[in-house]
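Student: Have a look at this one before I ask anything.
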Amino acid sequence: MEPSSHGALLLKWALYIPLALLATSHLSSAASDPLSSRHLLLNQLAQWRRSRFGPGPETAAAWVLCFLAASVCSAGGVGGGSLFLPILNLVAGLSLKRATTFSAFMVAAGSLSNVLYTLLVMRRGQLSSPLINYEIALLSQPCMLLGVSAGVVCNLMFPEWLITVSFAAFLACCTYKTFGAGLRCWEEETKEIGRVIMSGSSGGAHDHQPLLVDGARQGEEGNGSSGIPLKDLVVLLFIWLCFFLLHALLGDKHGKGVIHIRPCGVAYWLITLSQIPLALVFTAYILYKKKKPQLQNHEHADEKGRKEKASIEALPVFVFPSAALLTGVLSGLFGIGGGLLLNPVLLQIGVPPQTAASTSTFMVLFSASMSMVQYIILGMDGINQALIYAAICLVASVFGLVIMERAIRQSGRVSLIVFLVGGVMALSTLIISSFGAVDVWKEYTSGEYMGFKLLC
């Protein structure tokens, strides 16, 4: 072989060997690294597509589902947080922490839309719209906010399996009771419609109307000609502000708040325990102020008005604060909004369905708005996205109210609200219990501690 051919062969191998070594090292590194360069490139392209072309199909699907959930929950007087969380977590792909903050915005927006719609309809004089019982809200709000704080403490201490079992059992019982109340209301409405038909077409129009306007007349008798008691609203706002300042001072579990307070320190417990006398003072003051006007109104009320209020006024004065305290504790313990638990409680007490739905939504507005403002102060991420979801719920809430109002007007059955609340409760029981069961199974298989935890 000629020397020139030997030189060309050596030069060829000198070029091939480094290239082969480089390719081998690149393949081995790609095989050992779980995030290969191809995966990194795909992730970068996906991020660029989302920032360039807007939301993907998952976000659009989450928007549609949130719109439907907000419509149904608003019509039944339920906040909807138990339905928003699975949608945001499973469909939109948000973390559970971010989904919780977004849910507070959505519940607050839906409740605000519901309350504003109710107030505007009241001013136009449409008596068939559901009205807010401000006296129930005023009596219940301090104890409900106190109960939420106590429930959050219990949530930190109780094991996950106990919370899941308690939630499933309690909500299943409430669902059964709610459907039972709906059936009784349906039977009464059927009897009333039968009496209207038997009495003839001439008296039917006059006898059929009270099925829709009893709650409105009851609200007008208690609230005066304007329908909006400004003094009660001022007291409610003052209660909200006092509890909000306490929560803002406490901050989160890491001590991040308006001022730095060491968790479980002396100042922490003083501020936490100060909620008890604050709620008691507010409740005692409200009971004292409301007792005399209620007696005067009862003396001047007509026979029909006394019959409409008899089931509520016959109850002891501490029924509503006690029920609100229990509802708040369970709400904080289970990590859901108070509307899902408060609405069936009001129905069992004897509050008319339309009044129960509107009053429950009105009270949820205060608790959800407090959580929303706290998240903003603590520096949450993704406020713009949260506002988009809130705007969707704002519109969906009015849509659900209009549809439900038309359905009640055409059918003459207010019990539709009761069945809707029961359906939302049944669906929430299934969803949240399933999520809790999965979390408990993960704790069990991973060998984590499943007993009671220390608060500090």
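Backbone N, Cα and C atoms are what each Cβ position is placed from, and that goes for glycine too.
Pulled these features from TrEMBL for this protein:
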type	residues	note
SIGNAL	1-30	signal peptide
TRANSMEM	60-88	transmembrane segment
TRANSMEM	100-120	transmembrane segment
TRANSMEM	132-154	transmembrane segment
TRANSMEM	233-250	transmembrane segment
TRANSMEM	266-288	transmembrane segment
TRANSMEM	318-342	transmembrane segment
TRANSMEM	386-404	transmembrane segment
TRANSMEM	416-438	transmembrane segment
Student: Between the stretches 132-154, 266-288, 318-342, which one has more Cβ pairs under 8 Å with the transmembrane segment (60-88) than any other?
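Tutor: By the under-8 Å Cβ criterion, the transmembrane segment (60-88) pairs most with 318-342.
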Student: With the transmembrane segment (386-404) as the reference, find which of 233-250, 266-288, 416-438 contributes the most Cβ pairs under 8 Å.
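Tutor: By the under-8 Å Cβ criterion, the transmembrane segment (386-404) pairs most with 416-438.
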Student: Which stretch from 132-154, 266-288, 416-438 shares the most C-beta pairs under 8 Å with the transmembrane segment (318-342)?
Tutor: 132-154
Student: What residues in the same chain, six or more past the boundaries of the transmembrane segment (132-154), come closer than 8 Å to it by Cβ-Cβ distance?
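Tutor: Contacts with the transmembrane segment (132-154): 115, 118-119, 218-219, 222-223, 229, 232-233, 235-236, 239-240, 243, 247, 272, 275-276, 278-279, 282-283, 286-287, 290, 294, 317, 320-334, 338, 342, 346, 351, 355, 358-359, 362-363, 366-367, 370, 455.
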